[in-house]
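What follows is one structure encoded as structure tokens, with my remarks underneath.
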Amino acid sequence: MASEEENDDNFQEEEEAQEDNAPAAELSNDSDAPLKPNNDEDDDYDPEDSRRKKKGKKRKTRKGEEKGRKKKKRKKNESEEDSDFVQHDEEVEYPSTSKRGRKRKEEKQAAKEKESASSGMPSVEDVCSAFSVCNVEIEYSEEELQSLTTYKAFMHHVRPILQKENPKIAAPKLVMLVAAKWREFCESNPHIQQEGGAAGSGGSAGQARSVTGDEPEEPRSSRSSRNEKPDDIYEEAVEEEEEEEEEEKKPRRKRSGRGKKGRRPSGKVPTLKIKLLGKRKRDSSDEEQDASGASERDSDLEFERMLQKSDDSADEKEAPVSSKADNSAPAAQDDGSGAPVVRKKAKTKIGNKFKKKNKLKKTKNFPEGEDGEHEHQDYCEVCQQGGEIILCDTCPRAYHLVCLEPELDEPPEGKWSCPHCEADGGAAEEEDDDEHQEFCRVCKDGGELLCCDSCPSAYHTFCLNPPLDTIPDGDWRCPRCSCPPLTGKAEKIITWRWAQRSNDDGPSTSKGSKNSNSRVREYFIKWHNMSYWHCEWVPEVQLDVHHPLMIRSFQRKYDMEEPPKFEESLDEADTRYKRIQRHKDKVGMKANDDAEVLEERFYKNGVKPEWLIVQRVINHRTARDGSTMYLVKWRELPYDKSTWEEEGDDIQGLRQAIDYYQDLRAVCTSETTQSRSKKSKKGRKSKLKVEDDEDRPVKHYTPPPEKPTTDLKKKYEDQPAFLEGTGMQLHPYQIEGINWLRYSWGQGIDTILADEMGLGKTIQTVTFLYSLYKEGHCRGPFLVAVPLSTLVNWEREFELWAPDFYCITYIGDKDSRAVIRENELSFEEGAIRGSKVSRLRTTQYKFNVLLTSYELISMDAACLGSIDWAVLVVDEAHRLKSNQSKFFRILNSYTIAYKLLLTGTPLQNNLEELFHLLNFLSRDKFNDLQAFQGEFADVSKEEQVKRLHEMLGPHMLRRLKTDVLKNMPSKSEFIVRVELSAMQKKFYKFILTKNYEALNSKSGGGSCSLINIMMDLKKCCNHPYLFPSAAEEATTAAGGLYEINSLTKAAGKLVLLSKMLKQLKAQNHRVLIFSQMTKMLDILEDFLEGEQYKYERIDGGITGTLRQEAIDRFNAPGAQQFVFLLSTRAGGLGINLATADTVIIYDSDWNPHNDIQAFSRAHRIGQANKVMIYRFVTRNSVEERVTQVAKRKMMLTHLVVRPGMGGKGANFTKQELDDILRFGTEDLFKEDDKEEAIHYDDKAVAELLDRTNRGIEEKESWANEYLSSFKVASYATKEEEEEEETEIIKQDAENSDPAYWVKLLRHHYEQHQEDVGRSLGKGKRVRKQVNYTDGGVVAADTTRDDSNWQDNGSEYNSEYSAGSDEDGGDDDFDDQNGAERKAKRRLERRDDRPLPPLLARVGGNIEVLGFNARQRKSFLNAIMRYGMPPQDAFNSQWLVRDLRGKSERNFKAYVSLFMRHLCEPGADNAETFADGVPREGLSRQHVLTRIGVMSLIRKKVQEFEHINGYYSMPELILKPCEPVRSALKQDVAALEAPPTGGNVDKSATTSNSVTPATSAAPSPAPASEKGEDKDKDSEKEKDKTSAEKSEVKQEQEAEEDKKPGDVKQENPVEEAAGDTKPSDAEVKTEVAKTEPKEETKDPEVKEEPKTEEKEKEKVDDKKPIPPTTVIDDDDDDVMIVKEDGELEKPSASSPKDQKAVAAATSAATGATGKGAEDSLEVLKRKFMFNIADGGFTELHTLWLNEEKAAVPGREYEIWHRRHDYWLLAGIVTHGYGRWQDIQNDIRFAIINEPFKMDVGKGNFLEIKNKFLARRFKLLEQALVIEEQLRRAAYLNLAQDPSHPAMSLNARFAEVECLAESHQHLSKESLAGNKPANAVLHKVLNQLEELLSDMKSDVSRLPATLARIPPVAQRLQMSERSILSRLAATAGNASNAAQLMAQFPAGFQGTTLPAFTSGPAGNFANFRPQFSVPGQLSNNSGV
């Protein structure tokens, strides 16, 4: 367009180009359609992109300074095309005056609209008819025609008129109507036509702005070049219109105008100034050509363009402009004036990367002065007058204060922008706010930069590759904008390389260009949804543009200076090469086909050869053009990486895979092979493919025979023929296994193949299934469930041994599995609906074998469970040992015809787990667990094994390596003991000291905390760098690895390992190193790196193909890998590493079975050398003890099949944990003693590695091998070897001292606390931590020093009597003093010796804590005879001859163990207890019952012993114990003076606690033998709970002992008992027992069913009267007993109880009184005895009758109450059922008196013993009922009055009352009293009615009684609750201390850890003080 300012073109380089600030508003899509012009002039305007397409302009530099301005970023275009291309405009700009304003823009808009008016847009009539709106004819006045020259003004005028006539018109329709009116108006308005002509003559609307000639020029200082495009103006107007319509809901753009005042200031740059970014790059040339269409029709313009082309051609010869970069329009287009255009250079700028942008707005027309200061106009912008004006800081304008709106009184402070700048933000853009970067994109530096015309990037010319010498002419596009698009979507970058840049390449921005200008990076790209065959090299810049995030991530991950190196070239010795060749043979390739090409193109660049091998074609589809695509599954890639390939693609093996697929499909879908499409894609085949077709061996799908071809009963003598093609050979035993499997399948017997690990169970299974398939017996489908880690190996074996199987591996993520379900399960369409897991709707299966993992069996059960499986194979079948597991339950729901289980460990020695395995295998045969366990109850081990073999024989086959591989190399295992390093010792001590409180807590620490401590100690034994504190301080070498010397010296194991590996490497051995901890493997990696050994590694994080690849690399012939690092758990399954012959177990697993599996990785088929196994164990550490205990526990699980014990073998109890933690700590804290330290020099290491060493001898039995595996190599240590004849099976934990940690760690802990306190600076003093709960011993005297403390532990029992000495000990004491001292030292040494091991084998016999079978039997017999052993068993007749050789400590430890076993839950038919001790037929119920009965008897005798004396007939003895009694009085009187209170060591109070406690247990079944008991049924129920009651009473009595008030009256007596000599011990013990026993019956004690009211009264009465003599005590007791006899009514029953009970109780009381009086008369001494049975037995009835007959003179001859007491006393003395011993004892002579008359009879003894037994059973029953009544009274039990039994009782009482109250009527009636007679008849009628009612009630009574809850339930005495409470820990520290006070002073040192509060503490309640009538007892050691 020509204009008056064309002459200023020569000054354009000096003028600053400005962009117009015209506002823009949004334009809705609805308004675009009618406004879009069809001519070429408006092609720049795209209605769809009206909001996005903005034209950016390049600004010229001025005064030689090439300054650029950054363009504003615009929004990304929604269209992908638009986002890739950008439009460029003519860059010609014109200077203009400052008065050029809005009018000029309006004229341009009018011109633009006029041009578009003739573009065929819809007219007003068209719009009205289309939208059904009413047209309004508008008359315009001349004034309106002159003023309405802009679309905006016209719209404001017309729109209200149109809207008034069409009130409901939609806004978009109204806009279109207004636009149509505007076009019509423009055609008729002459004013607009004139301006439009001027505009039209200028040429294109998008190139220059028209300026009318009559417009005045403004001064130069305010002149502004506003080059605005008419399409922008039109776009702005339409957007403003839409903005007004929508009431400014989307105010994205700011309108500008001088007359607008209400706009708020904005800090943002107006949108019109936003320049285009480099997103829409490539449509610029087209658009510019279109945009110039109108001007080309002008002849002047055509002439100018011709000149321009000639100039361009001349310039191209001179300027080296890259053709690739210059894709835009010519650099300069003419301005339509017809004058030649001056060529301009590409835009440059001076960049300053440190420049900060000014936040204030500045206008572009801001001229600068000479010194760079801005020049403002010197007159007011409003009034055009000078004077005092204020200057705008962002533009040249100036204003008077009064001319502003609103007026200002004073100039504003700070920077100020004028109203024009505030309103018109478009002109206020900061001058230097250029869109382009201020720094070079390559080097990030500033300076002179070359700016891209399509994006904000800027570059130095020398940073480009190749560099540019000159600035290119015209538009220049950077290498990023000019790079071509990618051929597809990149999926991943495989690798990169340096590539030489060709000379014709355009400039690049490669980062490597500075170092090497000739090199650029290229990346090897795997395309999305394309196979690896299509990978390509892509230049870096191309990838950087299209995938910036991908390349950034890759660059962060890899070194970008040196390309990564992949596998070495394939050679002939590489197994990978052989495998590839085998695959090639299968697909018919020549061995050398393109091998070099593939190696160079793919293998060296990180593409594995397997990824290029077609595994199979899984589906196909046909395109519309007839071509066929095939879905290809690639080898070793998941199914979701399958790709669609064309049939004609040059892919090796694809043609054969297609043939196989089509053959299989034809067979499965019953199609003929002719239906297969044979046409291939048109075009020339590659040479490779032609050769492939010619030379490949044709291999098609061969279906199996339709009918069986062989008999399954016929065995294979040799390998079957169908295996010959595989080239593999089966072992003879494997053929035998296959025969057995085939036979079992034919017979329908589900099987377990249980061959030992390494015998090839996988191969046998695969071959078995293959034989069924190939011989026509079964086509499948076969389901094989295996561990995930072994799945790849299984897949490989199927491929190798069963090549014709269609085996699919159902594994991977959900996408992979969806592909499998859709393509691999069936050929039928719609068999699976959608990608979700759903039911398979077909029975035509495509596959033969489906290989999957356990987890997917459960996850995808909806699909897999819908298939009818022919055979199920489960590898590692011990996963099915629990029927509660999800895998078991879901797999059990599958439809399976035959099951085969594979396991190397078929029996985990647990009947329940074995049953679950068999139940899964054969549900019909094994379905009753109880019956199954019952078959093995109470039978010997041999019988169990025999039955198991009979049961499992048809189902299981098990062969061992020793059975079938006699020529297999042997293995030797060595335990290598290693010393702790100095750093390890430091950390070991610190860990123990830090955890002192946990170790020394009252309960011995919780199991969880102890396990945590143990794990820390194990980590310390492995390496101290496993702790962060040590790792942080460790020295590191280059690369971040630990420095090798310090790393090795820090751990004793690594020192030895380093020496071993050097020699092993020199001898060409290969090593497996196992460790539990993956972090330890990390340290070993650093160690191996430092030693420069090559290695492989497998742990839990390496699975699937990565695992198998590592194994293959290690097993490859000639492999350089020397060491294989494995984690014990992850490396134990499905791994074959037979190329290694040395196994080092760095740290043993908790479960030794895992270690066995681990070293079986090397000792298996294929091993050619002897296998040496070295197990590192740190000496004197927790590790050594863990290994011992774990192995022994593992051995116990092999001793017998027993329930309730899992197969893990390493579940440690808390006591065992404590014992493990103690091991070796004492030596650790001693001063460094180098004498016993183990040092390995080179000679010792060589001897260790000598392969001629036998090591641990081979055993035929695995169990024996395990037993003997703990022998230590002789050279490994200087310490003594263990005795060979004693084989320790299990070391007990009972020999631990509760104060051990206090003695060992207290001083260290206190020192540590002080150090910590000092480190905290000033503050509160850290008080000494004192533990008051350590078994009472420590609490007794906390001021003792450590040495005294330790000495006390071993001196507690040094003064026991000689009766407990070993045989022959008496002779030593008969010698002189020297011999006596010698014997005493021997006794002390024997007592100080540690306890024997818990289990040991001596001479083939098992010993338990040193007790052989005979001694254990003797101990049990003593328990059954006397009940619980007393405290001083060594001084009583309890200690039988067989037990006298045991020390008291050993004896008490065995007692504690025995009682723990009694309270252990479990079935009596089990052969061992939980800790492995043989049960030996012990019946827990019978033993507990006997203990309880003996406790009841002992309690009853002790109750009346001090009244009745010790002799039944004192007249038979001259002096009946007068000296004894006097001595007792003296001792008691002497000890009464200093009474003590509080907690006392209550050795004598054990009787208190136990007497009532154990009195709970009634007799077992014999109690119900007594037929005379009228309440026989209830008695039976009581009998059932006998043992339970005894145990409850123990616990409750233990609680009683904890009450402080209970001890007040005990102390004098206890002290008396403590100081008594052995001669009078028993008498004193009797007194001591009686009084504390009565005192402990405190009414406040909860859960005390054993306490009678009379005993409570005794306590109350005795408190104010201290016992002065025994006689007084006896008198008191007699009185109290009589009173309590009367008080028995409320104690036996509540007020609601039966009256019969009350009556019987009162009768018993009367009898008691009478008996007492008789005894006093005859013997001159008191006698008292009673059993308050509540009338539930016939005892009191008998006593009444007998005492009536026992007239004076015949008291001894008639058996009555007195005889019963002495019978019980005799049983206490001589034991249960020892009738003859009792009769022969003179103390119980009264028992013989009633039988003197029968002496002459022949069966005299039989009569006598039968009577005694019957009588004793009656007494036993009475005692049991008495105890139960005590419980009922304590629990306040009352019968419900509405209960039928109670109503019957009430009626009986009514009858009784009625009869008794009317007895006189009978006499009066007989006397003839008629009124009395009448009354008598009424009474009799009442009695008859009552009796009739009672009769009917009695008939219902049996059913009612049957519903009564058992006695045990009503008395809250269930066995489980009793045992759980019995095993409960003590509630607090004081309770624990009081509990232990019942034991002898040193007993704490002999018990389990935490015995004070653990279950063992409560076992003491079984132990009453043992006393015998007539003897004095002594408690030694008190």
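Along the chain as shown, the residues are counted starting at 1.
Cβ atoms here come from the backbone N, Cα and C positions, even for glycine.
Record note: of SER50, SER266, SER313, Swiss-Prot gives the feature phosphoserine to SER313, with no matching annotation on the rest.
SER221 is the residue among SER221, SER256, SER1578 that Swiss-Prot labels phosphoserine.
Within the list SER210, SER322, SER1007, SER1483, the entry that Swiss-Prot describes as phosphoserine is SER210. Just one residue in SER502, SER518, SER1354, SER1691 has phosphoserine written against it in Swiss-Prot, and it is SER1691. Summary for the binding-site residues GLY758, GLY760: the Cβ-based neighbour count within 10 Å is maximal at GLY758.
Cβ neighbour count for MET757 (ATP binding site): 19 (other Cβ atoms within 10 Å of its Cβ, all protein chains included). The Cβ neighbour count for ASP755 (ATP binding site), using a 10 Å radius and every protein chain shown, is 23. In the three-state DSSP scheme, LYS761 (ATP binding site) falls into the helix class. Model confidence over the zinc finger (377-424) stands at 85, taken as the mean pLDDT rounded to a whole number. Across the range of the zinc finger (377-424), the DSSP-based residue counts are 5 helix, 4 strand, 39 coil. Each residue in the zinc finger (437-484) gets a DSSP state, and the totals come to 4 helix, 9 strand, 35 coil.
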